[in-house]
Amino acid sequence: MNVLQLLTILVFFRSAFAHGTRMNKKHYIVYMGHHSHPDVESVITANHDMLASVIGRQATFTEYFSSFYFSHPGIYWSPVVLNVELFRSLDGARKASIHHYTKSFRGFSAMLTPDQAQELQENDSVISIFESRTNHVHTTNSWNFLAIDKIKQYNHLPMDIKSDTIVGVIDTGVWPESESFNDRGLGPLPTKFKGECVTGDNFTLSHCNRKIIGARFYYGGIEAVFGPLEKSKRTFFRSARDSDGHGTHLASIVAGSMVANASYYRIGKGTLRGGAPSARLAIYKACWFGICIDADVL
């Protein structure tokens, strides 16, 4: 085989390989319902094993060409069917997976081709597979959505009865310095809460208090679809801190603390409060730039 023929084959395989490994992949959510695994790590291991059975790691170009050349010595050109098992591994499964759901139910999200999704659907452990959708934030009909208007006696309950109520807000995060999130008058954290205050950009443990008792952030889904957040060229924080304002607004509507002498540029001066001012807040930032990906929300 001369140099020109070798280079021709190299170029062809590089093009075919690059096209084949990138084409037609979408972000899917795999739902498996209740599980009996003893801990988070065992769920993730089982998820990776399942993924490896249909996807595995992508072969490098060197491996792809070597598999062809060494199995066909002296042949200038010939179609080849690779033994795909050679390229299936846990490493590839880890790279393909985006999120693992290990608490209320077992599941995961991953970048898959439709054929791979169909193969997983045939697994007895899988209940359903569906594409992760892109949603947009809204703040309309809040009280109807929460059914607050249907509980007429709700706002007449003594304040201390609500003090152990925890509201989880899935949105664009929170601006913790807002007076709406002061914890004056609130008692110790509810013992039933098992969440965390996760630190990140401009968000430290001190930004959680007896009002904001938990904070987390998720961006694997949006980056899988649109690429790194930095590509947006917009201001953002890789943390539960809100750079949009929507999540802060929503959290204050639901459970904002009492704020005296509030006004809108001196108009409508009075006491500001949320629907349940003594409720606690667990903030889950899963929306970025007004976009919420299903896989991040779950």
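Backbone N, Cα and C define each Cβ position, glycine as well.
The feature domain 'Inhibitor I9' is assigned by TrEMBL to 28-138.
Annotation comment: TrEMBL describes 163-288 as domain 'Peptidase S8/S53'.
Taken from TrEMBL, the feature signal peptide covers 1-18.
When pLDDT is averaged over the domain 'Peptidase S8/S53' (163-288), the result is 93. Mapped onto DSSP classes, the domain 'Peptidase S8/S53' (163-288) shows 27 helix, 37 strand, 62 coil.
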